[in-house]
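Colleague: Here it is, the structure in full.
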């Protein structure tokens, strides 16, 4: 599938009608997918959604039962991985334990019998780019997890790949290291401009790093777009729910931070400019107030249905409301994403063929 607005003359990767089955399990269900040149595209989805199978199909590690893969206009569907011009980084990178960081990064260049001076200059530059200049003489077991993944990326980039494929490269690292590496990866991409496809199940990682996000589910692409597009204008309930916490207000999905909380119905409908907005207001009971740095999570129960839901408000608003367990409050959705059930934002490539509102958790 190709999202509207993508110029087909500037496409690095095209996957067309890819179908892959393992026994009774359909991993890819006639997927169409394109990656613009120089972009960083994230494949996001739950386990079993097909994201890793799609990446491995691009890499040549898996063969589609039907369909084609082209890289910069060259059909590589039956071309082995080592001849596709790709760099690949796995979650658990297999470094050469007996080689130093420098020699690990240089390995691919030595195999290609590049001149020694070229290898030295290339490795020096890459170690500087990935922030490992001071670690070039160390061995992999002397590096922290984040440093090993930086080494892995430098090694993948050393051979000047046309495409860089990353299969959950930070998935085995702790949360703080992952957060730091996300910012680093974005800076690295902006510097080297290699067309990159990143597989992740981490919504924050995809939203933070990617130029475009493809959300997969059950072997299909549900939506492709910029982080802003998929978050603010999700195609369907699955995309919205997968990209963050949701509650249901008046039968529509809303984000917790789009729920206004007030002590009175009037406070719940008051707009920022002081005017009143006519919309449904729901009464709820406060179950718990959890401080999360700048924001505060308010866990609530609908007075109408007894269903639990969550609102996310600023710390300042929470202090002004002075919420406590058991308090009665009034809530209202300030924004509702325009979800259209069954709609799609990825048209296929041409081929044949006034009452009290009720709230529940989603």
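For all residues, glycine too, the Cβ spot is worked out from N, Cα and C.
What Swiss-Prot shows for this protein is this:
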type    : residues                       : note
BINDING : 45, 46, 47, 48, 49, 50, 51, 52 : ATP binding site
DOMAIN  : 13-243                         : domain 'ABC transporter'
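Show me how these features fit into the shown structure, please.
Modeller: Using a 10 Å Cβ-Cβ cutoff, residue 50 (ATP binding site) registers 23 neighbours.
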Colleague: Could you please provide the mean pLDDT value for the domain 'ABC transporter' (13-243)?
Modeller: 92
Colleague: Cβ distance under 8 Å to residue 47 (ATP binding site), same chain, sequence separation 6 or more: which residues?
Modeller: 201
Colleague: By Cβ count within 10 Å, point out the most packed of the binding-site residues listed: 45, 46, 48.
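Modeller: Its Cβ has the most other Cβ atoms within 10 Å: 45.
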Colleague: Inside 8 A of the center formed by the CB atoms of 45, 46, 47, 48, 49, 50, 51, 52, which other residues of the chain have their CB, for the recorded ATP site?
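Modeller: So the additional residues around the site are 53, 201, 216, 217.
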Colleague: Among the binding-site residues 49, 51, 52, which residue has the largest number of other Cβ atoms within 10 Å of its own Cβ?
Modeller: 51
